[in-house]
Amino acid sequence: MKNQLLDAKVASEEQETVLRPSLLNDFTGQNQMKSNLKIFITSSIERDESLDHTLLHGPPGLGKTTIAQIIAKEKNVNLKSTAGPILSKAADLAAILTNLQKNDVLFIDEIHRLNIHVEEILYSAMEDFSLDIMIGEGPSARSVKIYLPKFTLIGATTRLGLISKPLCDRFGIHLKLNFYSCEELTKIVERGAKVLNVALDTNAAIEIANRSRGTPRIALRLLKRVRDFGIYQNINPLNQQITDYALNQLGIDKLGLDSSDHKYLRFIAENYDGGPVGIDTIAAALSEQRDTIEEMIEPYLIQIGFVQRTQRGRVITANALKHLH
């Protein structure tokens with residue numbers, strides 16, 4: 001059971017591991033965050049102590065898992081990985097915590113989805129490095145305190161507002177990851193191409209970067225798909241022409257918007273004259289979960305100025321209407 005809980009998230013992304021930078025100096029973008037993190041890591045190494053508990057937050061695909069792996073690598077300690085939805089019982093978390101060694105890193109992805117009973121176990125573990133476990137049942141039940149080695153909890157979330165204040169306050173380091181610039185994504189695409197042994201010219205890398213929604217995960221995924229088109233058409237190195245063709249075939253427009261984005265924008269434009277319209281109405285019309293819209297569709301549309309969230313609902317901007325037409 002423990003093996004199913006640990007490394008669940010990382011195991012699902014094993015094929016991506018080779019594309020991830022393993023050291024902070026190799027990590028592209030997020031310069032202010034990276035600079036601060038380097039100071040925190042160096043200080044903890046000099047003090048021979050665990051890094052303070054760290055909360056990483058931001059939209060999906062910006063490198064939260066990679067940062068957790070880098071922290072463990074820079075500290076030269078073990079990394080144990082799991083995810084909030086997997087930890088359904090307090091005993092699940094207790095089993096993981098009691099197997100940690102000094103200064104180890106425990107990474108919990110989607111930490112905002114922790115069961116409240118599991119979350120409460122974390123409070124004493126984070127503050128006092130101890131667990132209070134009930135042994136037995138009924139009148140004979142007794143509480144036993146188990147002391148843990150000092151460790152670092154790294155939590156990752158795309159929904160900072162859903163994390164309870166007691167849990168949020170126990171993280172000594174808060175790091176926000178922002179969308180990447182085209183220049184940063186171009187470097188990431190070029191590095192990924194070298195790792196994958198894919199030849200591409202600068203214009204192709206820029207084209208992929210421009211359509212990647214400011215997100216490295218998407219950039220690397222699109223690179224692989226453009227590579228497939230290049231192999232099929234026997235084009236080497238990849239150039240802007242095959243890149244443009246491939247991305248158009250995939251339904252990715254010049255700003256990186258896909259069919260889901262266009263459906264979202266057109267629904268508001270054509271049915272509500274640009275808004276406002278409530279998120280639940282949008283979710284029902286698009287047959288999507290509200291969380292999916294709020295986490296996967298809206299962040300980038302808001303970032304590029306196409307959507308505004310108001311008290312009355314979602315409103316699309318003049319720039320969005322212009323793009324649709």
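Every residue number used here counts from 1 along the chain in the order it is shown.
Each residue, glycine too, has its Cβ placed from N, Cα and C.
What Swiss-Prot records for L19, R20, G61, K64, T65, T66, E127, D128, F129, R170, Y180, R217 is ATP binding site, and it gives sequence analysis as the kind of evidence. The Mg(2+) binding site feature in Swiss-Prot is assigned to T65; the stated evidence is sequence analysis. Residues or ranges marked as DNA binding site in Swiss-Prot: R290, R309, R314. Residues or ranges marked as region 'Large ATPase domain (RuvB-L)' by Swiss-Prot on the basis of sequence analysis: 1-180. As annotated by Swiss-Prot, region 'Small ATPAse domain (RuvB-S)' applies to 181-251. The region 'Head domain (RuvB-H)' annotation in Swiss-Prot covers 254-325 and is backed by sequence analysis.
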(message) Taking only the residues in the region 'Small ATPAse domain (RuvB-S)' (181-251), give me the average pLDDT of this model.
(response) 96
(request) In whole Å, could you give the widest CA to CA gap in the ATP site formed by L19, R20, G61, K64, T65, T66, E127, D128, F129, R170, Y180, R217? (result) 37
(message) Just to verify a number: CA distance, R314 (DNA binding site) to G61 (ATP binding site), in angstrom, no decimals.
(response) 24
(message) Tell me the coarse DSSP state (helix, strand, coil) of F129 (ATP binding site).
(response) coil
(message) By a 10 A CB contact count over all chains shown, which of the binding-site residues listed here is most packed: R290, R309, R314?
(response) R314
(message) Under DSSP, is R290 (DNA binding site) part of a helix or a strand, or is it coil?
(response) helix
(request) Within 10 Å of the Cβ of L19 (ATP binding site), how many other Cβ atoms can you find? Include all protein chains, please. (result) 18
(message) Within the region 'Small ATPAse domain (RuvB-S)' (181-251), count helix residues (DSSP H, G, I), strand residues (E, B) and coil residues, in that order.
(response) 50 helix, 2 strand, 19 coil
(request) Going by DSSP, give the three-state secondary structure for R314 (DNA binding site). (result) strand
(request) Tell me the Cβ neighbour count for E127 (ATP binding site), meaning other Cβ atoms within 10 Å of its Cβ, over all protein chains shown. (result) 10
